[in-house]
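Here's the structure, in structure tokens; my notes come after.
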Amino acid sequence: MTDFRQDFLKFSLAQNVLKFGEFTTKAGRRSPYFFNAGLFNDGASTLQLAKFYAQSIIESGIRFDMLFGPAYKGIILAAATAMMLAEKGVNVPFAYNRKEAKDRGEGGVLVGAPLKGRVLIIDDVISAGTSVRESIKLIEAEGATPAGVAIALDRMEKGTGELSAVQEVEKQYGLPVAPIASLNDLFILLQNNPEFGQFLEPVRTYRRQYGVE
């Protein structure tokens, strides 16, 4: 049985979503890799991405009743992943929010199924955690319960303190975060594929400097 986490990283490389080299993060750090989920931008790649999300969510064991995708990136992720979960026999409703409230038609900021029960938030990454915090407020305001967060990649690096953005969400809200892959999985990919050998030491150094356990 293949490791779907490694398959996801290889797929991300093939789509140029994951790149190795020298990059500057929003925090001003020099990073040896870059991950841009926005480049999953056609039907085939979005379909495959949703399959990885569905598998990761099921294997996480998180109990949930529906999906919520925060605008804007989470909208397509929630819809596509709901379809892939249905193919695996897990048929759940989904919803998303608008950035701006609408005063006609459906109205309000929420679109899709009513937020009820245990709601799993789905997004691409957790950076500052702002999107997650806003999603939690929306979910709780509707009387529902946040169940956890599903993301594509956990960079496993410190924020302003000693914790990563993912760890801060887990600690502050007591919610599980289920990434398809993490920095540890990326490190394994580099170790097992000699063609990427030149990036092994830079990633090791970066992890030593900024990484969390």
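Even glycines carry a Cβ here, placed using N, Cα and C.
Database features, via Swiss-Prot:
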- LYS26, 72-73, 98-99, LYS102, 123-131: 5-phospho-alpha-D-ribose 1-diphosphate binding site (BINDING)
- PHE34, PHE35, SER127, ARG155: orotate binding site (BINDING)
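Spatially close to SER131 (5-phospho-alpha-D-ribose 1-diphosphate binding site) yet at least six residues away along the chain are PRO70, GLY74, ASP123, judged by Cβ distances under 8 angstroms. In the shown protein chains, 15 other C-beta atoms lie within 10 A of the C-beta of PHE34 (orotate binding site). Cα proximity to SER127 (5-phospho-alpha-D-ribose 1-diphosphate binding site) (within 10 Å) is found for the following binding-site residues from PHE34, PHE35, ARG155: ARG155.
Taking the mean position of the Cβ atoms of PHE34, PHE35, SER127, ARG155 as the orotate site, the remaining same-chain residues with a Cβ inside 8 Å of that point are THR25, SER31, TYR33, ASN36, VAL125, LEU153. When the alpha carbons of PHE35 (orotate binding site) and VAL125 (5-phospho-alpha-D-ribose 1-diphosphate binding site) are compared, the span between them is 9 angstrom. Annotated pair GLY129 (5-phospho-alpha-D-ribose 1-diphosphate binding site) and PHE34 (orotate binding site), C-alpha to C-alpha distance, rounded: 19 Å. Between the CA atoms of VAL125 (5-phospho-alpha-D-ribose 1-diphosphate binding site) and ARG155 (orotate binding site) there is a gap of 8 Å. Of all the Cβ atoms in the protein chains shown, 8 others lie within 10 Å of the Cβ of LYS99 (5-phospho-alpha-D-ribose 1-diphosphate binding site). PHE34 (orotate binding site) and LYS99 (5-phospho-alpha-D-ribose 1-diphosphate binding site) have their C-alpha atoms 27 Å apart, to the nearest angstrom. Of all the binding-site residues listed (LYS26, LYS73, ARG155), LYS26 has the fewest other CB atoms within 10 A of its CB.
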